[in-house]
Every structure is written in C-alpha cells, then in structure tokens.
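A short worksheet on the structure shown next.
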Amino acid sequence: MNATITLKRLEIVIDEEKLEELINILNDVGVRGYTFIKQAGGLGSRGTRRPDDIFFEQTNAMFILACEEKQAERLVTALRPRLKEFGGMCLISDCEWVIGPAASY
Amino acid sequence: MNATITLKRLEIVIDEEKLEELINILNDVGVRGYTFIKQAGGLGSRGTRRPDDIFFEQTNAMFILACEEKQAERLVTALRPRLKEFGGMCLISDCEWVIGPAASY
Amino acid sequence: MNATITLKRLEIVIDEEKLEELINILNDVGVRGYTFIKQAGGLGSRGTRRPDDIFFEQTNAMFILACEEKQAERLVTALRPRLKEFGGMCLISDCEWVIGPAASY
Amino acid sequence: MATIQPVVIFFILGVLAGVLKSDLKIPEALYKSLSIFLLIAIGFKGGVSMAKYEITEVLPIALSMVVLAALVPLTAYPILKKLGKFSQADSGAIAAHYGSVSAVTFAVGIAFLDGIKETSEGYMVLIMALMEIPALVTGTVLARRGAGGETQWGKLMHEILTGTSIFLMVGGVIVGYYAGIVKLVSPLDKMFMDLFMGVLALFLLEMGLLASARLSAIRAKGPFLLGFGILFPLTAGFFGAFLGAIFQLSLGGTMMLAVLYASCSYIAAPAAMRIAVPEADPAVSIGASLGVTFPFNIFIGVPIYFEMAKFFKAMF
Amino acid sequence: MATIQPVVIFFILGVLAGVLKSDLKIPEALYKSLSIFLLIAIGFKGGVSMAKYEITEVLPIALSMVVLAALVPLTAYPILKKLGKFSQADSGAIAAHYGSVSAVTFAVGIAFLDGIKETSEGYMVLIMALMEIPALVTGTVLARRGAGGETQWGKLMHEILTGTSIFLMVGGVIVGYYAGIVKLVSPLDKMFMDLFMGVLALFLLEMGLLASARLSAIRAKGPFLLGFGILFPLTAGFFGAFLGAIFQLSLGGTMMLAVLYASCSYIAAPAAMRIAVPEADPAVSIGASLGVTFPFNIFIGVPIYFEMAKFFKAMF
Amino acid sequence: MATIQPVVIFFILGVLAGVLKSDLKIPEALYKSLSIFLLIAIGFKGGVSMAKYEITEVLPIALSMVVLAALVPLTAYPILKKLGKFSQADSGAIAAHYGSVSAVTFAVGIAFLDGIKETSEGYMVLIMALMEIPALVTGTVLARRGAGGETQWGKLMHEILTGTSIFLMVGGVIVGYYAGIVKLVSPLDKMFMDLFMGVLALFLLEMGLLASARLSAIRAKGPFLLGFGILFPLTAGFFGAFLGAIFQLSLGGTMMLAVLYASCSYIAAPAAMRIAVPEADPAVSIGASLGVTFPFNIFIGVPIYFEMAKFFKAMF
Ligand SMILES: Nc1ncnc2c1ncn2[C@@H]1O[C@H](COP(=O)(O)O)[C@@H](O)[C@H]1O
Ligand SMILES: Nc1ncnc2c1ncn2[C@@H]1O[C@H](COP(=O)(O)O)[C@@H](O)[C@H]1O
Ligand SMILES: Nc1ncnc2c1ncn2[C@@H]1O[C@H](COP(=O)(O)O)[C@@H](O)[C@H]1O
Ligand code: NA
Ligand code: NA
Ligand code: NA
C-alpha cells in the first residue's frame, strides 16, 4: 500500500462525564484530529456501565486518534498522571494514514 | 513509548440481540474489561443492517477489548463454536496498554 | 493464535452526510463486509463536530472494515480521489480474522 | 362525495418534504412514541364503546369476520404468483401483508366517521387485532408450501401475539373497557381521545416521508404493483362491505370492516415475514403497501368504502 | 373499598409485556420526556392550589412534617441491619430509599383522589420535594458512620438540591403559584392538568416494564424484602396518616401524607446513593422499591392509606 | 404595564438549571419534537384565522412588509462593522440573524395577546415565513461582497425554502386554512391550539438551558453585543410598529409586526449562514441572538412593542 504515512493510533475509553476534560488535555497537547463516540457501555475495574440503564446513566466515551509518534508520546506524558483518576483505558497501536484528506494528525 | 504492556486487542461485531449472550461468554471466560457500542450498522453475509430503518430494527453491537494473549486464546476457544451462529466478525490485533488506569485487562 | 486469516483493517471517518456516497463506493469495489457507527464527534482540519450541538448537527460516521490486502488496495485506489472532498481520515492496519462466522471479507 | 379530512394533508406534506429533499426529520423516538400512543388510543376508544355491548353477543360475529379474513391472502396469492410473476416466497409474503391490516388506515377511517358524526362498533378494534393471525399464518403457509427448511412457527406466533401492535391495541381495549364499566373514562380521554387526531396528523407526516423514500423500491414491478395496490384493496373492501351488511353491522361498522379488509400492513407484517419467510424481499411488499395502497386508501379508498357500505346497507 | 383506577392497569400491562417477552419498548427519550412532564405537572398543580393559601401560615406545619420524615429511615435502618442482615452500607442506602418519596406513587394518589372527587393541600408537593433532604442525609449518615473514606457531602447536597426531581417539582410549584396569583392558569392547565392522567398511564406502562426486569435482582434476599417491602410502607403510612390527622390536614391531605411516608424512591435516591454510598448495591434497593413496594402501593396501599386517613380523621 | 406571562418563567428555570449545574437535560428528541409541534401549531393557528380573510386582499400588504424587512439587516450591518468592529463576514452573518425572525418569540407574542384577549391577523405567520428570504439573502450579499470564493446560492435558497422552519410553518398554514374553509378545525385544535402554551413552556425551559450555555461565547465582544442586542431590536420593533399602524393592521397585528422586526433567528439563520458564509463565527451570532436578544424580547420587549403599537395606532 503506497502513499501512506506511518502514525500511531490511540484508543482511549473514559467516563462520558470526563469528555470535556479529555478534550481540554488533547487541545493543550496540540492534537490536530480525533474522533469520539459517546454512549458506549463496558466493563472495567469499577464494574459494568450500561447505556440503557435508566436508573444509572453511566456511559463511556471512546476516543480514537491518529497522530505522529512524537505527538503520541507528548500526549501519553500529559495523560498518564490523569489516567488513574479517569479510569478506563488507553491503547496504542500502529497504523497507516492514507494520504488524501487534509493532514489533520 | 515506555511504560506500556503488550496486549491483544479483540474487535467483535455481532447482532445487538445477542449482546447479553456475548457478555455471558466474556464473563464465563473471566474477561476483566471490555467496551461496547450499540446501534452499529453494517454489511455482511446476511445483507445490510441499518440502525435508521424504521421497519426493521436490525442493528449490530461492536465490542472492543484488550487482554493478555493467554486470555485472548481462551476467549477465542470459547467463542469460536458460537461464531457460526452469531455471524458477524472477530478480529485480533496487537496493541500497547498505557500503564496508569486500574489494570482491567 | 491459530485458525485465523491475516487481513487489512480499514478505519474511515467521514461526514455522516456522505454515508450513502461512501457505501456506494464500497459496493462498487465489491467489499463484502463493513460496520459503521453514526453520531460520532471529532476534531479535524475543518474544526470540531459535536453530535450534541443542537444548532449545528454536524456528525461523523466511522467505518471499520476487514478485507484482503488486494481488496484494500482496490478500495484505497477508488477512495483516494474522493478523500480530499470527503475530508476525515482513512487508516489502515493489520489484523487477524478469527475463522468461524461466514467469511464476509 | 365527502370532503377530504384535513389530517390526511399531513401525509402529502410528508411526501413533499421527501420529494423536495427538505431537511425535515421526525426523530425516531417521536415516531415510536406516536405509534405507541395511536395503538393504545385506538384500543382504548374501542374498549370504551365495547363496554356498552354484551361481549358474548358479539363474539361469534367478530370471530366469523376474523376467520373469513383468511380469504384475502388466499385470493391475493394466485394473482401475485400468476399475473405478477413473483416467486412463491414473495407472493406469500405480499399476500400476508394485504391480508393483514393497517392501524393507521383504520385510524383515518375512524377520523372520517368522526368528521361526518358517524360511529362504528367498538369491537372492530378487536377484529383488527385478531385479523393479523389468519392473515399472517395463511401467508406463511402459502409462501413455504413444499419449501425446504423448517418454518419457525413458535417464533412466528410469539412475534404476532406479543408484537407491539397487537399487545398495545388489546391492552388499550382492556383499559378502555374497564374504564367504561367503572365509569372512569374521563381523565384518560383527555389524552387518548381528544389528542387522537393531532397525533394522527404528526404520524401521517412521517408516513409521507417514509412512503416517498419507499416508492423507488418497487420500480422493477412498478406497473403491476400500482394496479394491484389499487384494484386489490377495492375488491377486498367491496367484499368487506358486503360482509358487514350481511352481519347487520351499523353503517359506520360496515365501512370499517371494508377498511379492514382493504387495508394492508407495513409494520407488523414485515416484522413477522422476516421471521417466517426470510427469503422474501421486504422492500417490495413495504413499497407496495406503504407507497401505493396506503395513500390510495386514505385519500380515495375510505370515501369509496363508505359509499360501498351505504350501497350494501340499503340492499340488505 | 374504592375501585381500582383504570390508569394503574397500565402498570400490569407493562409487567405483562416484560414477562411475555413482548418486543414492546418505550423509547428512552419518551420515558425521560414523560418524567419531565410529570414532575412539572405535579409541581404546577400543587402551586396553583397553594396560591389559595397564605404561605406563612402553612410553612411551620409543612416543615415539621418534613423533619419528622427523618424518623422513617431511622426506623428502617435497624430492621434492615438486624433482621435483614444487610451490610451497614446497604442498610443505610435502602433506608434512604424508603425515607425518600416516589413522585409517581404521589401522582397515583392524586389520581385516586381525583377519581373520588377529593382534593388535598397544594403544599403537599413542597413537602414531597423537601422530604428528600432529611431522608437522604439520614440514610447517608447511617450508612457511613465510622466507615473509612470521606463522604462527599458537597456533591451529595448538590445532587439532591439541583437533581432533576426536586428542581422540576419546585419549578412547577413556582410557575403554578404565580399563574394562580395572576389568574393565568388557563392555557397552561390544558397541558399540565388535563393530560396528567394520560401521561401517567404511559409512564406506568414503562414502570411495569422496568419493574419486571428488576424483580430478579432481589432473589437472594427475596422473602425478607417481600415482607419488608409491604409491611414497612404500611407502618410508615399509618404513621403518616396519624400525623396528618394531628396536623389537621384535610381528608385528602391526610391520605397524601400517608402516601408520602409510605412511598419510596427509585429515581432520585439511587442517583444520590451512588454518590454518597458507592459501596452499596443499587440493584437490591431498586429491586425492592420498584419491584415490591411501588406496585403494592399503587394497587393496594393507596386505598388502604385512604381508609387509614378516614380512621384518624374520625378520631381527632 | 401588562403582567409577565407565566410561560416565560420556564425560560428562567432553564437558565437557572444551567447556572446551578443541575443534571436536568431535555432529550434531544423531545426538543426536536417540541419544535416540530410549535412550527406546525403556529402555522395552523395562522391558517385557520386566514380562512376568514380574502387572500388576494392581504397579499400586497403582506408582500410589502416582507420586502421592507430587508431594511433590518441593511441597517444592522454598518453598525456591526463600524461600531462593533466585526469582520465583513461576521457583520453580514449577524445582520442576517437580526433580519430573520424567531418563531418562539413570535409564539410568546401570540401568548401575550391571548393573555389579554387580543388577536392578530392570521397572515402574520406567512409574513414571518417569507421574511426569512430577504433577511438571509441580504445578509449573505453583505457578507460576501467582493469576497473570494463563490457563494452557494442554489444550496442556500434550497436550505431556506425547504428548511424545517419554513416548510412546517407553511404546511401548517395550508392545513389550517383548509380546515377553516371546510369547517373541520375541531379535532385538530385540541392538539395544535389547546396545547400550544404547554408545549411552549417546555420549549422555553430548553431555550433557557441553551441560552445559559451560549452566553459565554460572546464574552470578548460582550459589552457591545449586550448594547446592540437590546437597542437594535427596540429600534427595529419601533419601525415595525410604525409600519403596522401605517398598513392599518389591528392593534394585535401591529404589535406582532413589531415583534417580527425586533426578533432574531437562532435556528434557521445559523443553518443558512453555515452554508452561505462559512467563514463567519456562529458562536457570536447565536450567543447574541439567543443569549441577549431573545430573553430581552420575551420578558421586556414584547410588552414594550405592545405599548409602541398602542402609540402608533392612536397616531394614525
Ligand atoms: N480491558 C479493557 N478492554 C476494553 N475496554 C476496557 C477495558 N478495561 C476498561 N475498559 C473500558 O473502560 C471503562 C472504565 O473502566 P474502569 O475505570 O476500569 O471501570 C469500562 O467501562 C470499559 O468500557
Ligand atoms: N468484513 C467485515 N468488516 C467489517 N464488519 C463486518 C465484516 N463482515 C461482517 N461485518 C459486520 O458483521 C455484521 C454481521 O455480519 P454477517 O453475520 O456476515 O451478516 C455485519 O452487519 C457487519 O456489521
Ligand atoms: N487525526 C485524526 N484522528 C482521528 N480522527 C480524525 C483525525 N483527523 C480527522 N479526524 C476525524 O475526521 C473528521 C473530519 O475531519 P476534517 O475533514 O479534517 O475536518 C473529524 O471531525 C474527526 O472526527
Ligand atoms: Na387487509
Ligand atoms: Na417514604
Ligand atoms: Na428580525
């Protein structure tokens, strides 16, 4: 597959309530692109969270972002101290960005 | 990127109706963390599924989970016999878990 | 992990308005399976998009699809000329498809 | 002929919004809420007026009309198979749709009668609920005769009997009947009777939007389905009006029986056929019933069925 | 004894839909919309009739009834701990649920009074709103006495005071009171008074669905919670009726005070306890309050509390 | 001066909920459903009362009032550019917002008239719908004069004409007019007229929530926009009242024309400007129109416009 750029792909899951806080961190670090999905359910160290539980609205937000390795390192450095409080998870993997759309990474 | 742990990342898509069944399997295997998103659309061997089709509410649920390789193997072993009936897909890839939040994998 | 097939995993984010157009392209190329999620928010070169903004309903759709490398190349070739107009992003990575469900890739 | 009810104009507005590519969208939650309301309200209204009858008196009549409803899919099937050249599965599925009924067409019929200050027997709503069963079962049998694979009868019957449509209508009948007996209709009627027409208006707006999106699906068999979608309900309605007069229903009741026989389903039937006859193409049956027969019935059919009812009532 | 209100049959329909595994689903947005409506409507109705009283006159009585409400969790706690063998956290959390009130049970009580053409003091709704505070605070104190970790009192009080329930009820009271004073109740009552019963009907349908899904959660402690969930509200209601008669409330008001003391929360309390006593298991308290006490109250409790009110009113 | 309508207190409650960080949330589907209802209801009400006029008689007057509405953005633009120091794009976009109208402010005006038993000409709603066109087109021309890139006129006109607002209002007018002519207003009015005020109440609650979230966006230009957002509508309203009196409208109609000229859009205009002037910052125009002008109009403006109407009606 030619005409691609190698980037890091981060996948972060946190409480939906913390969404704005995470966005602020991403902005501070200078991330230029991310995608998020709300109303995610899940299981983790703090038990299950179900978007369809009418009595407890506990949902997660999932963030996916592609960025350069340097940027990813900066982000992880900024994020790590908060992760304990945020809970959830933060995964990193490799990916190829297909050149074409505006380079928002 | 230091201070990460190498894990397997599983991505499972099934009919939303089967959500509880899949959760039961995950619990049986002893998975300690997963994230799911409902109301996904898609195309597969059984045709298209659209969350916005008012006449046929056919939607998928997408599960993402990070776990140790051993755990992943156990899960795949438990899941495989059911996959034919479930349909959908189950993908495995590599990822790095950023150490910080409670180790729910 | 035995009994898996190595495939390419594509992850595409575009404006939700373009969903039908993208589906048409996928169909033209002959893709046999994909999953999509609507109502995604995000940040990119054209600013932020929030699914909860009542005044501007600007949302993204996220596509995930697993296919053979050849198919992925065909798809990228067909998609690339449109990506500039679509905006968003298109990532490629490797994955293993667990054999079991109907082979819709 | 009678004037067109203002409420049906909302259907045209919906079609127009679709055709003009307006950004008008009815939130899915609103659509579902409106249909929950309509189903309960139809049942409630029927139940309240049933409280005035002796149930045991009407039961045999009601049951015979339900059983005779199986004739509708039995007639539709050969026409679809021979003239329409549809596959066995599709013919059976479409026949099931046309044997089944549309609660919204029923509601438009009720609204029409309200407009001319006529009423109908309250138990018509029970007939409507029960008619689903012979229609869907007959359609399924026709579709699957000699076909391989086993029919999921258990799942099908569960889907029919506990499906939202029948469940809410019968539930509404029970509450309405009880409220009528204990004379406590009053505060509930402010919602389920007074708002009926307004809710129907919003629902028809969405129906119009949906219909305009569905018409394209029948393009291939367009001319045949256009003819079938108009002529078949006319015939079925004629038969219904005839039966109603024979059974000595009131004028309004005779018309409503014609409406029931003439109307076809696009909500309950598709869900049932997906389970019972998965090999049938739902786009065709929904396209025909929602895109052709539904608008025909609410604009032209209903007044015609009223004339048919008048004709047969004068005869017997 | 008084006839059962038609509206509560919708609760049975909901339970039935759950048990029969019907595909009936109330969209989440509808559920939330109905609860917003009900809270405003309850407040509005109370506010309108409060406009007829001198507020300063009723305030001391209202406040004493609120303060006395703290007795309810204080009584429930040792029963749950000793007899029920629940942990300290669970006992406190369940006690908070039973000390707190259910706006929907309150609404069913109002509907019951409407049905027999009785009324109650408008400020009962303010009492309802205020009762949350002593109930939830007492429950939290009981749950966390001597426990490690600090209680998030600030967050808890914010949750209680600005939570949707209290906020909308008090908001409704303000608008209703003002509308009553300036004599502009009229066009708003078409919505918030006339439709009250119909909206309650749809809400009870969903409550039934939710209750049927929740009952399984209490299986382990089933027998105890079944007994507790019936006997405790009866006792609390008895106490409430006694207090109401002592405080010279009207017959309807006496009954409504019994309903307030007897009812228990399954919306506001769970949200508050999640913050204040996160180690308690919410499934148990919701299961007991929604699965046992709520249906008991709306079908059997409310008429009994009315009889209790009659008894004590005749006494004092 | 006239008493404040109870309904507008819901706006304050919404703002309060936002300021207190209450967890109150109006489901998005409810918000959209309420706005669909309001637009249809406004149109329906206007259409019903239009059925009493000879259309051809009022058309020329209506059209001149629409054309004159282009003066509003033409006046606003230089003020915003010179005094406000906004960019050309922002000035044009904000001018378009202020030239355009707010259906909810219109609804509050109607509610105000209802409260004092006054009426207005039914065709005011058509004027409201039509006024969007000159306002948005003028604003776009001003914003893009000499600017690079081509204006998407086709897309803009499609957005304006088939956008939900105009489509539903005009649709409501058509149904209402027809219902008035055939004398079948009755069952539809139970929904679209009787519930109008109650629906407006819930909608204003959400408007308050939204406004409190939007005010922060104008912080940078706060003082200027505060002054502009109050003084400009007063001037425009003055001009509208003057025109209304000249055109011999009724007292209520004169006031409503003032309301139309004074009110500004925060739903249709932002959507149109996003297409036509994408380089303008929507946060500023929405912040000013929803955060400043809308609350000013519904609390203080409407009674003032009524006084203005009285003044000019006495004059001519
Ligand atoms: N191993 C995992 N794989 C996928 N998602 C996880 C995993 N662990 C935690 N999560 C997600 O993170 C959320 C919060 O986790 P926790 O803070 O551990 O309760 C959970 O509800 C899951 O959605
Ligand atoms: N190759 C694929 N890539 C992504 N998603 C898939 C793929 N194949 C199947 N799916 C998802 O799985 C669902 C069920 O697939 P199936 O059982 O094959 O109809 C589809 O609706 C898709 O959402
Ligand atoms: N680097 C990135 N990582 C993740 N998502 C992105 C990235 N860049 C763009 N996107 C997504 O694509 C959407 C459109 O991007 P754009 O066309 O650049 O404005 C954004 O709203 C994001 O959801
Ligand atoms: Na039929
Ligand atoms: Na209580
Ligand atoms: Na204006």
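Including glycine, each Cβ sits where the backbone N, Cα and C put it.
The following features are taken from TrEMBL:
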TRANSMEM  F:6-24  transmembrane segment
TRANSMEM  F:36-53  transmembrane segment
TRANSMEM  F:59-80  transmembrane segment
TRANSMEM  F:92-113  transmembrane segment
TRANSMEM  F:125-144  transmembrane segment
TRANSMEM  F:156-179  transmembrane segment
TRANSMEM  F:191-212  transmembrane segment
TRANSMEM  F:224-247  transmembrane segment
TRANSMEM  F:253-272  transmembrane segment
TRANSMEM  F:284-306  transmembrane segment
Should the transmembrane segment (F:156-179) and the transmembrane segment (F:36-53) be scored as in contact, given a threshold of at least 3 Cβ pairs under 8 Å and pairs 6 or more apart?
-> yes
Tally Cβ pairs under 8 Å between the transmembrane segment (F:59-80) and each listed stretch (F:6-24, F:92-113, F:125-144, F:224-247), then give the stretch with the top tally.
-> F:125-144
Where, among F:191-212, F:224-247, F:253-272, do we find the most CB pairs under 8 A to the transmembrane segment (F:92-113)?
-> F:253-272
Stretch winning on C-beta pairs under 8 A with the transmembrane segment (F:253-272) (pool: F:6-24, F:224-247, F:284-306) is F:224-247
Same-chain residues at least 6 beyond the ends of the transmembrane segment (F:191-212) whose Cβ lies under 8 Å from its Cβ atoms = 7-8, 10-19, 24-26, 30-31, 34-35, 37-38, 40-41, 44-45, 104, 107-108, 110-111, 114, 172, 176, 290-291, 294-295, 298
